[in-house]
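Summarising the annotation, TrEMBL assigns GTP binding site to Gly14, Ser15, Gly16, Lys17, Gly18, Thr19, Arg125, Val134, Tyr135, Thr198. Under the heading region 'NMPbind', TrEMBL lists 34-63. The feature AMP binding site is assigned by TrEMBL to Ser35, Arg40, Met61, Leu62, Val63, Gly88, Phe89, Pro90, Arg91, Gln95, Arg169. Marked as region 'LID' by TrEMBL: 124-161. Per TrEMBL, domain 'Adenylate kinase active site lid' is recorded for 125-160.
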Amino acid sequence: MAKLFRAAIMGPPGSGKGTISKRIAQSFGLQYLSSGHYLRESIAANTEAGVLVKTHVERGMLVPDHVMTRLMLPRLEQLNSHSWLLDGFPRTLSQALALNNLYQLDLVISLNIPYETLRERLSDRWIHPGSGRVYNMGFNPPQVQSKDDITGEPLIQHDDDKPEALMARLRHYKDVAKPVIDLYKSQGILHSFSGTETDRIWPYINSLLSTKMHTQPLDACQSQTP
Ligand SMILES: Nc1nc2c(ncn2[C@@H]2O[C@H](COP(=O)(O)OP(=O)(O)O)[C@@H](O)[C@H]2O)c(=O)[nH]1
Ligand SMILES: Nc1ncnc2c1ncn2[C@@H]1O[C@H](COP(=O)(O)OP(=O)(O)O)[C@@H](O)[C@H]1O
């Protein structure tokens, strides 16, 4: 059996984690787990935990560590024989140490994107709530305005992409991410990418993963085109 590969992607809100993760999952066959997706699922379920999550997400605050680890770690246990990619978890040192107790990551991708680019992108981000499909009115617009390409259902904007919550999220991100980034740097598994365009960063990530996984991407021909 091929060696399992475990990776995480980090970066501030709007840095393109979701967009790049989907390309990685598609090209390299990793299972994709997004903290934001599971949090929104728990909010929609309206459980006691979901109500607590909602109050934090709406204010642009991080959800408490014990809630996050309880949400994410059991899902990884169900994927014991799969390679996976985590998006949005771990976000704090405490989450990273809890994950470290169970799994040794092979690779962590960190995205460094200028603040102004993040602000522009998020004010234009629209989501299909049922599937989590993400659109941007300039970068990847839906075929029909404000409608999901697959289902035709209306698109929405997350409350936490609106300006007040966004500022708070960006400010918190840097402080909280630093010790996590330092931890992965000290383990020799951190790879950072800077830029303002996902399409220019993607070929470098694609090539890094091809080397690290000792494999050609599943859609090598498509993803190599400039
Ligand atoms: N203009 C532009 N928008 C992008 C680019 N990459 C991603 N986006 C959009 O920016 C928004 C944030 O990207 P997303 O992948 O959701 O970021 P995340 O918050 O880090 O997961 C989405 O609306 C994407 O469609 C890019 O290179 N240029
Ligand atoms: N690992 C995490 N720890 C704490 N809170 C989290 C975590 N992941 C997501 N959240 C919460 O969910 C919100 C949305 O997260 P996400 O969908 O990953 O979007 P983004 O990358 O754009 O912040 C965050 O602003 C935060 O409130």
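Numbering starts at 1 and runs along the chain as displayed.
Even glycines carry a Cβ here, placed using N, Cα and C.
TrEMBL annotations: computationally assigned, not manually curated.
All features noted in TrEMBL, drawn onto the structure.
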residue	record	DSSP (3 states)
Gly14	GTP binding site	coil
Ser35	AMP binding site	helix
Met61	AMP binding site	coil
Phe89	AMP binding site	coil
Arg125	GTP binding site	strand
Tyr135	GTP binding site	strand
Arg169	AMP binding site	helix
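In this structure, Gly16, Arg125 are the binding-site residues from Gly16, Met61, Arg125, Arg169 whose C-beta falls under 6 Å of some atom of ligand 1.
Compared over the binding-site residues Phe89, Tyr135, the count of CB atoms lying within 10 A of a residue's CB peaks at Phe89. Listed binding-site residues: Gly16, Val63, Arg91, Arg169. Those with a CB atom under 6 Å from ligand 2: Val63, Arg91, Arg169. When other Cβ atoms within 10 Å of the Cβ of Gly18 (GTP binding site) are tallied across all protein chains shown, the result is 20. Taking Cβ pairs closer than 8 Å, the region 'LID' (124-161) reaches residues 13-14, 18-19, 34, 37, 40, 57-58, 60, 169, 198 in its own chain, all 6 or more past its ends. Spread of the AMP binding residues is 19 Å (greatest Cα-Cα distance among Ser35, Arg40, Met61, Leu62, Val63, Gly88, Phe89, Pro90, Arg91, Gln95, Arg169). The CA atom of Gly18 (GTP binding site) is located 15 Å away from the CA atom of Arg91 (AMP binding site). Calculated from their C-alpha atoms, the gap between Met61 (AMP binding site) and Gly16 (GTP binding site) amounts to 20 Å. Taking a C-beta cut-off of under 8 Å and a sequence gap of six or more, Arg169 (AMP binding site) has these contacts in its own chain: Pro12, Pro13, Gly60, Asp160. Here the CA atom of Ser35 (AMP binding site) lies 14 Å from the CA atom of Gly14 (GTP binding site). Every protein chain considered, the tally of other Cβ atoms within 10 Å of the Cβ of Gly16 (GTP binding site) stands at 27. Of all the Cβ atoms in the protein chains shown, 19 others lie within 10 Å of the Cβ of Ser35 (AMP binding site).
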